[in-house]
């Protein structure tokens, strides 16, 4: 028994050391920094302990409401919902007998993979070029078709900036959803559909009672990972809009960057990072407990 | 056993062998030092990488014991990247920095004081020949960088569009500029004043806002008896915001400029070159890009451009004296060789060869620069430009003020908030910067 414990400890030891070094230590260090007034100019000297002052400032800041709204609603909730719906639609289309009959399934898979294979930075540059005013491709097309009279600054106009950012995020990330759901769709037993047809089930009934329940575990896992990934994402908003116009598209991740590397307030930036981590931990806990435990277990 | 056998064969004792090895080990670094050249890293952030490499090759030839690695960093990332590197001692030996960074980087311990090096081997015609030395000197009186190049912003015009619009003389006041922009748009359908109205952290609205305040005898930060305070009130900020907003509201500057923050954005350079923008404001290097783009597209044709002072530019100091400095990292292992490189880079030949887009920061060299007819406005404006002075010396962080001003103006110009609210918010935030430091 004692020998087993020793063996287990020795075997797990390297992995635990790596986890402690690369995950635990940075987290603990970030937590420590969040209680200090450390700035980039005083990195060599270190910051002074200021307790919860950074957290207090963040929570009472008039900007925090907008940051939360932008991060939760625009960047995360809407973009994840659009991604899941669009991914499901693409998967269903690619899985139709017609696409298979026309031997287009492989071509469709390759077409889906292209945006996914495009690095986010490149994707954003492409989209900026498409959306640019006055000479961007989209403006040129809309002007040529007579649909608009003057070019639209898609990434600077308050009415279009969030939909534009969401379009970029969705374009770059929907392939993962679509391909995962496509794989799950192909695992649905065909005899279930045959039995349903014999019972006179409509197309919609088959979708709601066979397809969707089969896909639910995958959707739950994809939803969870997409929320974590999107909530923490910095690159799309920063490179597409620079958090502007004004602070209109500023989200928590870009606020951390601005505070840490524009204002040089590393302590304050670390505090926002801790708040983000706590929000995600709480979200993950409730998501797991209330919605996804069984589904996640099925997938895993 | 083998060791014993070896010593016996050589006819020396073990102590002798150990002694010989120790002497050899002690001598080796010296031998290696004599054989290996010192390798410096020079971080140069401007586009002339090829030309600068050629200049460094000449430096290496003249100094056989020194090799120089050239690396580049985008200007917008250069400041925080260097400070991060300095904290862990992994910095380039010689670093290219903006005028207003020297003081803070020196006081943060990231740049080495140059006083001893300057005393041992003074640069050029002596320190007094260099402009903006106040920005290179820390509160402790130590010099942390050497001004290298300088420039300022000026107005640039497409003369053909001004002619079509009936604008006979270049604007000299903000109202003249407003009217010229309106006239160009009304009579040609082109963009009048194509200014970058975007709100990025390092955007151009910072400069435009300050120029406007300075021309009215105000400044965001003022100093009196070594006490620093905010020198504009809400009415000043509202006035300036409304002034620039009127261009976008009236349409002579398209709303798409809200998405442009950089003075050298392709939208502006291309717009000036292809004649869709009539008026711009920028540093000389960007103006040269526009002229080059025009010349490339219209070979053999005279470029229809003119530069002129910024509004009220020759009566009040309304543009900033910008420029770059060279600093030596505090963790450089070769400060003397690095100083040799800094001195080489200040040689007059550099400004006529590798680095022509900037003007030298040495008064004696600046007087001999041939600005040419297109850059006449820049030459005129340069003599009236002012340093950031209290902005850089006071307790307010430049980067934060720049960011807050850009955000507040962006919010007002885009309609995210009312002008009144944006102005109030800007002053509150700037006030907090002071309180927080």
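Note: Cβ is positioned from N, Cα and C throughout, glycine not excepted.
Not measured: the values here are computed from a predicted model.
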Which stretch does TrEMBL mark as transmembrane segment, out of A:29-51, A:236-258?
A:236-258
Taking a Cβ cut-off under 8 Å, which residues six or more beyond the ends of the transmembrane segment (A:165-187) line up next to it in the same chain?
74-75, 78-79, 82-84, 86-88, 90-92, 94-95, 109, 112-116, 118, 120, 123-124, 127, 155, 211, 214-215, 218-219, 222, 226, 229-230, 233, 236-237, 240-241, 249
Dominant neighbour of the transmembrane segment (A:207-229) in A:7-25, A:72-94, A:106-130, A:236-258, by Cβ pairs under 8 Å:
A:72-94
Using a Cβ-Cβ cut-off of under 8 Å, list the residues of the same chain that are 6+ residues beyond the ends of the transmembrane segment (A:136-158) and lie near it.
128-130, 164-165, 240-241, 244-245, 248
